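Note sheet for the following structure.
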Amino acid sequence: MPRDALSFELQLSAGLEATEHKLDMLTRLLRRTHVAVKHPLLASRAFHTSPALRAIDMAKVDTTERLAELRKLMKERKVDVYTYISGFTGSAGYAVVTHDKAALATDGRYFNQAEKQLDSNWELLKQGIQDVPTIQEWTADQVEGGKVVGVDPSVVTGADARKLAEKIKKKGGEYKAVDDNLVDLVWAAERPARPSEKVIVQPMEYSGKSFDEKVEDLRKELEKKKSLGFVVSMLDEVAWLFNLRGNDIPYNPVFFSYAVITPTVVTLYVDESKLPKEVKDHLGDKVAIRPYEAIFGDITALSKDAFEAADADATKKFLTSNRASWALNKALGGDDKVEEIRSPIGDAKAVKNEVELEGMRQCHIRDGAAISEYFAWLEDQLLNKKATLDEVDGADKLEAIRKKHDKFMGLSFDTISSTGPNGAVIHYKPEKGACSIIDPNAIYLCDSGAQYHDGTTDTTRTLHFTKPTDMEKKAYTLVLKGNIALERVKFPKGTTGFALDSIARQFLWAEGLDYRHGTGHGVGSFLNVHEGPIGIGTRVQYSEVSLAVGNVISDEPGYYEDGKFGIRIENMIMVKEVETNHKFGDKPYLGFEHVTLTPHCRNLVDMTLLTEDEKKFINDYHKEVFEKTSKFFENDKLTMDWLKRETAPY
């Protein structure tokens, strides 16, 4: 590693890696080695809440001493650019520090949160805002004059590495892979053991397709591509392909693993102690089991053998996902021997079969009943019993209610239980001892979801228990109109989520309002609650993948006023073929089927803003909600009365 000028770029999942133990060990290493580090927070919503995260609130973190120590050490080490701990706890961010600057980049979901948490030492780069540089541009601007930016290749994609390398090269710098991961050196022998939770089988009654069929389908894709094989690196893709589920990653039923599929061999890389007898019986002798740690050595040898064989075809390559790490690409021999593509497994996984679709329908009935029971309880506690409840109390109660329902396996993300101004923090996470008391006179936003053996849920409802302001009612109704419009749209086959995004925003736009997040994300079947490659929004990737029959996706427009309130309404919708009077271009036309079954808040609806057609749509929806969920409340008068009131016709 060159000593003249180095920045070390480290990317890890906040959900996987941000633990109290790691932060403590990082601090010890800083004192010991005079080095400071910060990882960009990339990831997804976490499955279980770590003690460290529970200790974090939304207050500013004074980083003056940290930065002073870091800059002193940077001068000693002749380091010009480094990443560092900023005090920001959002799940998507990137911090970079130079001798005289410190910047953190994040997207619109976290502008509010970052402004609350970052102290005056930091420049906030609001990604996506006009004239604000990307973090890559900002980083490249700091390395003029031959400086070196180092990266652990196992935590960046090949595409991201190439893009940043090009930017740095144009500035006269160098971007290179560094073998050692600083966090791994920090932990050393004190690093916590990798989770050893047992893997379970996702049976045919829920998966609807055998893993043999899925492997055969993948091999057909490999044949079309004339490929030597496919390295599976996304955990949810491994789980889906083999009809297995795990519990290694908070809220996501996956397990640490890789897989390699060639035309003749299927190999699963996993700690074999995690596989009980029923899993081994399920896999049989069709799948070779290799240690998780063997993946890089094995694929290096596999590639070498393939390209050095006497009958080797120089035109054939190995395939990896375009979301796979740069390290996988390098282990297979680099760009000349690897083609990075949108994963065919990801594409197949996003198209649910009839068994999976029916599972989504059924789990949302149970989940909708749980949410209604919670809202009825919460209203009674706040208005009738005058109880004092904080946001965590609410989230815990909702989880307890969900646990009573059949096939419940856990939450699908941390419940966003937010009152008043906290609702404006789009990915708000309440912490016991640092959260707010639920105010019955303020808007309450609840975004929550669960994992069931037959499906995954994600529902957001916004409530007001007393008298909302005119602006709150107007904003809520505009969001509701957008939610309905998106669900009701019909579109030709081949349409992307990028093309549909404005349908949900149109009523807000007409008033000069908007929201800084996507309108929809794909959802797994007892898998990750955020699932690609589909989505509805302005991300470039959403313009590259057409929506297809069998996709399950969220419909979640919103509106937020910093320091005041947040509004979001989220339903799960499934793509289906629909009838139209004409079929221009002889194309099938598609539409959506909702599966979420939770009432909208009557108290927040401004009836004067709804058309008669929209009122009928809501009435029909509420009738369905009552018919499908009221059976759970035959002996629960409180919830039954609440449900009857909330689903009564307008």
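Here the Cβ of each residue, glycine as well, is placed from N, Cα and C on the backbone.
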Mn(2+) 1 site partner of ASP458, GLU570 (as recorded in Swiss-Prot), chosen from GLU544, GLU556, GLU593:
GLU556
Suppose a student reads Swiss-Prot and sees ASP458, GLU570 listed for Mn(2+) 2. Which of ASP447, ASP562 should they find annotated at that same site?
ASP447
I'm trying to understand the geometry here, so how far is the Cα atom of GLU570 (Mn(2+) 2 binding site) from the Cα atom of GLU556 (Mn(2+) 1 binding site), in Å to the nearest whole number?
4
Long-range Cβ environment of ASP447 (Mn(2+) 2 binding site), under 8 Å and at least 6 residues apart:
THR415, ILE416, ASP458, THR459, THR460, ARG568, GLU570
For GLU556 (Mn(2+) 1 binding site): intrachain residues, at least 6 apart, with Cβ closer than 8 Å
THR460, ASN483, THR519, GLY520, ARG568, ILE569, GLU570, ASN571
Ten-angstrom check, please: count other Cβ atoms within 10 Å of the Cβ of GLU570 (Mn(2+) 2 binding site), all chains counted.
24
Once DSSP output is merged into helix, strand and coil, GLU570 (Mn(2+) 2 binding site) belongs to strand
Additional residues surrounding Mn(2+) 2, by Cβ distance to the ASP447, ASP458, GLU570 centre under 8 Å:
ILE416, SER448, GLY449, THR459, THR460, SER554, GLU556, ARG568
The correct three-state DSSP answer for ASP458 (Mn(2+) 2 binding site) is coil
Cβ-centroid neighbourhood (8 Å) of the Mn(2+) 1 site, ASP458, GLU556, GLU570 excluded
ASP447, THR459, THR460, GLY520, SER554, ASP555, ARG568, ILE569, ASN571, MET572, THR596
